[in-house]
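Engineer: Quick one: structure below, then a few questions.
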């Protein structure tokens, strides 16, 4: 098969040190060849692949497999080459002969030497037995798994090849070529390992990182990496092959010394001590689907090598390498050249010549396979937008997608890429840059006249981004995970955007000699956002002219903003635009607006297509009950005409709006002097002219949906929980910057702020208001004499309350991603639901927070609200408290207080064995299903935080027995930690137990109480999957419908490296 189908590449491991290293080495040998290979051809090389792990002990024993299979492969990537011989079959034979000689030599030695040889043989036999036992993994047998001996490597002739940093689209493109980027990472070891690293003793050697498969090597080791034939994941397939085309992609396995997430097979994490400098291979992951497995025989198995890759959570938007074909250059054979040529007509010659010109310089073609589930995505990134953001975004998209669907606009325009992909069905486009980048792509789409036109989404970089704000993409990219962005583009709604023509002619009312200095045409003849003239265009023009004259003075965004402010103030004092109304004539759909413009003396006139203008302001506002005007839309075929005075321009920044003049389909504008104008932010000074504005067409755009389409409908009473009980934790900027790639450490460093109970469909904008109210309650509580009551504790404790409030700059953090925490832009909070970023707790980042305690040792947080010391609060009654929360939709339970006397009371409670007779009575009552005995024992002082002989909680027992009344009593009176507490042996929660027993009533009680539907047991199974295994598809469907949102990571376990 071709290289696009098979990509299993693992790094060479160090030689095994004795028999104890054999299992790890054999486990790491799980790979398939990078070149043409079949399953049958891989099988004979089992021993060769395993023996390569320890050449010192198995070179002689494995000579048959190594030497015999060296000629069965073909091409540079053949899987059957010898471990020591490389591409030369003689190398394998030499190594085999040397090993055989090493076994025969002790025959002529003394008895002591014979004993040593016998002992050595026994060690070798032991290793061979282990290798044979692990044949399921080692049979893949990649030749590059073996550490190549420096003396056996061929010497390269000629100068060293420069590492490639960009994709090669020429006919010389090599499949599986790495894209090397300079990196300064110091924690990652060289991918070759200590045995093969060329500069392993140099601490400051230059390193490079592949943007596609994320491996890091020294610059001096790149040549060695090529010699062992370690390839990157394939991005295309070779054309001209007579073999049947495979419509699937195989995994591209890569060794990882550091790995986030959990193993796909066993569900356990990749935990290791001192992981930052670890030299051990802990995981094997696929750089396509991001699945990861432990480097163990029991986790990574043979069928993983041969099975097709699903391409992971983003398979619907990834362009498979099997679609992209490199066409071989046709060569005229001798037989064809001697054949008599037929005469062709001039028309046919011209047609053929035109086709050759069209295909000239295009060695690649796209042959897609149509599917209604596929929405292939093209990503265009402008690295110059947003400082250094564009470059980082470009690299992240190359990691998640096929690099040949990600394009750098600084290298080449979008035309060639759009032409290449023009026949791909359901195509979508993501423009990463400013509004100018979006306009550029839309203009090319107009030029190519694609039908149907692919919709365009926007990832805003830089400042401004009014179109991105209109389409709900926000005002700028913060650090939202690229995985979520891909989901949003895939699930986004396709809407239309009006686009308007600007037709410019010289003013016919003025003689040629009266035309003043100025350009005769606008910088753009089409606009998507706005077209304006007057004050705002004059300020923008001054900035552009000054930057062109002195570009070195405008290399700072802060300086640019200061210059804008200074230019605006200077223009305001000079009143250069005060006479604008005297030199223009505006006619909208036959209505002359000139008298009104002259009456109100506007200094700025804006023709607005979208609601946003000037970095997010809304100049049209909300007409409300004004019957003359309609609310503004970007797809209604009308353009809004707005006038501004200096006062209304100033009010615009604080929520004001301009003077609404008209909503029309056509505008005729005449100017009688040179006036500054701007088209979508591109300024000029236009000579007196007649400008006609008319509707051009409508472009398809991707609007970011407020929720994923895969989420349950909000109006479905069975799909969204009535309320969510969520703990709020705050994190300092210092901890966030230090631990944002280590979720566990960051969780430990967070400080609990309090607990909210909100509606199930609450969004973050509303949740922000509740958190601010929580702060107010905290301050009011701190002013009085209070006592804090802890659940399951009869005593109350006086407390000194924390007076540190949240700063106004705090923001939400998304903790649902597999690799790290991400900040959420405040302007996009209304687009996110609480349950989209929360797994029973919310994290917020406070940049002004002062850390008052060491990270990782947060004290306990009370579960109940603070009550007055003089009496008992109604909140102490669990049933009444539950009813109050459900009625209000919001409850504040227990703000967090700091006290050194209570740091031993952890909010993460630990179960204890029964110590009193009441505890034993409670345990027996729950197991027997005796509710009355349970109530009596609990009133007599028994604890609900006890465990049975098998380390299960009371809620586990109640869920297993299926007694709904006991489950309800424990939920009402027990601590909240019991709800999602996992069994120490199986990792199952109470919901897992109930699902295994197919007890629907208990499952409903637990789900209504807020039990997590996404927690997995030790085998990686959710309660829904347990119900499916138990043979209750109705219960499984119910649990699936009640899930808060679709989990991206558990199916494919996206893992960061």
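The backbone N, Cα and C atoms fix where each Cβ goes, glycine too.
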Engineer: According to Swiss-Prot, region 'Disordered' applies to one of these ranges: 259-283, 284-308, 309-333, 334-358. Which one is it?
Structural biologist: 334-358
Engineer: Looking at 994-1013, 1014-1033, I want to know which stretch Swiss-Prot calls region 'Disordered'.
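Structural biologist: When 994-1013, 1014-1033 are checked in Swiss-Prot, region 'Disordered' belongs to 1014-1033.
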Engineer: When secondary structure is assigned with DSSP, how many helix, strand and coil residues does the repeat 'ANK 2' (986-1015) contain?
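Structural biologist: Residue counts in helix, strand and coil order: 16 helix, 0 strand, 14 coil.
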Engineer: What are the DSSP helix, strand and coil residue counts for the repeat 'ANK 1' (950-979)?
Structural biologist: 21 helix, 1 strand, 8 coil
Engineer: Could you tell me how many residues in the domain 'DAGKc' (372-507) are helical, how many are strand and how many are coil under DSSP?
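Structural biologist: Summed by class, the stretch gives 50 helix, 33 strand, 53 coil.
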